[in-house]
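What Swiss-Prot annotates here:
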DOMAIN    186-355  domain 'tr-type G'
REGION    195-202  region 'G1'
BINDING   195-202, 241-245, 295-298  GTP binding site
REGION    220-224  region 'G2'
REGION    241-244  region 'G3'
REGION    295-298  region 'G4'
Amino acid sequence: MSKIRVYELAKELNVSSKDLITLLMDEFGVEVKNHMSAIEDEEAQLIKELLATKPEYVEGSLEDSKSLVDEYEEILQNELNKAKKKRKKNKREDKDDENEELETEVIEIGETITVKELAEKLNKPSNDVIRTLIFSGVMAAINQEIDFATAEKVCESYGVILEKLEVIEELEAVEVEEDDEENLEKRPPIVTVMGHVDHGKTSLLDAIRKAKVTDTEAGGITQHIGAYTININGEEITFLDTPGHEAFTAMRARGAQVTDVVILVVAADDGIMPQTKEAINHCKAAGVPMVVAINKIDKPGANPDRVKQELTEHGLVVEEWGGDTICEEVSAKSNLNIEKLLEMVLLTAEMLELKANKERKAKGTVIEAKLDKGRGPVATLLVQNGTLHVGDAIIVGSTYGRIRAMFDDTGKKIKSAGPSIPVEVLGLSEVPEAGDRFNQVKDEKTARIMADKRKDKEKSDSLMSGNRVSLEDLYSQIKEGKVKELGIIVKADVQGSVQAINQSLEKLSTDDVKVRVIHGGVGAITETDITLATASNAIVIGFNVRPDNNAVAQADKENVEIKTYRIIYDAIEDVKSAMIGMLEPEYKEVILGSAEVRETYKISNVGTIAGCYVLNGKLQRNAETRVIRDGIVIFESSLSSLKRFKDDVKEVNTGYECGLTVEKFNDVKEGDILECFMMEAIKRKEL
């Protein structure tokens, strides 16, 4: 039977706990110690009926209690007599309860709380709380988490009410907010420029923006992630100036799909280089369309046709050769064909039908963030949907804030920013990380609570092992439906080995699991490989190469598996063995034995007992059994009991008689054949 606490009932009835306790003890004879005591639902219902008939009780008046009791005299006579005897005894307790109620404290927690945090909320020494837990049968250290029910027992012993923190607007609900088709409008494409070092990525952005930022950057390497919006023929394009593909993939690893189109810059005199190849693989893994810009075509030794030939080797066939990859020959230095390249970007974006709803709450991604001495945490946000205004409350990853000021890419103060517009904002509580998602919420309090919840979740997630794919747990992850594809990154000492391993691995694909080599390259296993593996939930296989120290540290941090081999066959066999373990075993039926029913006996509360003679093999108790009549299987079940004379036995061999019952089947007749069998699992040895 369910119960309700006194203070909860008092709150429902809009009376003080003190008055309710008096009513319970004096008029109903229900003995309660204080406002934390629990009473039966039946008694609570009776009190509700009493107060419903006499609303003056709700005002806190107890003077007319005698006349009310008269109305319920028959029901309550026994309780009244008991209550009179207990009044004197409970007077002192009532006084204590009054004082206790005045000091009653209510604290709120989430699903779990550490012992230390609970002690701080109760304003009690940690040792006292640990002692209370031990008396409750819970052994917990100071930094150990306890659940809500355990914390509630501790609080009850201190006379404190514990309430579960009210969940305010889950971020997931904000993320999946759907837009009406009629509210969607065309938005500018977001473009990332990628390519090998010194192939002219920043120079190309210079030519596009008509501003010389290259000269201010050391060594020709971009020093930061910037975001700029340009206007061409009345249409806008937003460019993210990333240091190659590392930031692109790092953001994707954090769940942020920012880029709509990638401009792949390839120098006409150099052709496809290792970082170009990496950029291509990263784009393919992310499923982002590419527009190839063959740069430096005005340079001596430029050979655009060789570049196009090399592109085909990586699955990118240009349009003029019958493929679907848009390719433009440009020169950032002499500003040649830049307009044409941008038109191709807009054409690609048009095919993608990029739309957003600027009327909804804003959401997007952090492009970069830093701590400024004078301005505090500063973040560059890319609005991907909705409109962001100064004064909006936002949650960004596990931090939050209210936007105090907003600047565009030229440093000009603005009041709002729509879809695909990058802005720099002030007002966050902490510095977020690049790739963090941001969402606008109704107020700062909501943002703070959601950020705290996110921090708690991150803390609990960090205590649990990551769910990255490894060869050892591949089978269990497949069964749980977590993995449908095994992504592999291959690094080897020579290109021939890379190609050999790639071809061998991809041949292992089955209907259940596809093996996909995301990236193959020559050289040591680096941080870049681990970053790509993190983003793609892949494993890294090295042949005659080793990971560097930074790669090992990052792999440990991200729970990415690195396997190194000296023999190609071993690498193939390891992946094959993991996949064979994933395959469902084949089952073969093994006949144990059969028996003929010679007599049947019906016994009440037991059913039909069959007296049988074992013809061949043996019968086993609990074995799968089929009942065959005139050569036709009429029922399949199992042997629920098996006896020889009066003794229970596990099995009966050929030539012996026995008595048995078939589970859930009583229609056994003389002449029936009972066949015992088992299904034997046979491990798959081939894919």
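Every residue gets a Cβ built from N, Cα and C, even glycine.
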Assigned element (helix, strand, coil) containing Ile297 (GTP binding site), judged by DSSP: coil
For Gly195 (GTP binding site): DSSP state (helix, strand, coil): strand
For Lys201 (GTP binding site): DSSP state (helix, strand, coil): helix
Local confidence of the prediction over the region 'G3' (241-244), expressed as mean pLDDT: 56
Sparsest-packed among the binding-site residues, when each Cβ's other Cβ atoms within 10 Å are tallied, from Asp198, Lys201: Asp198
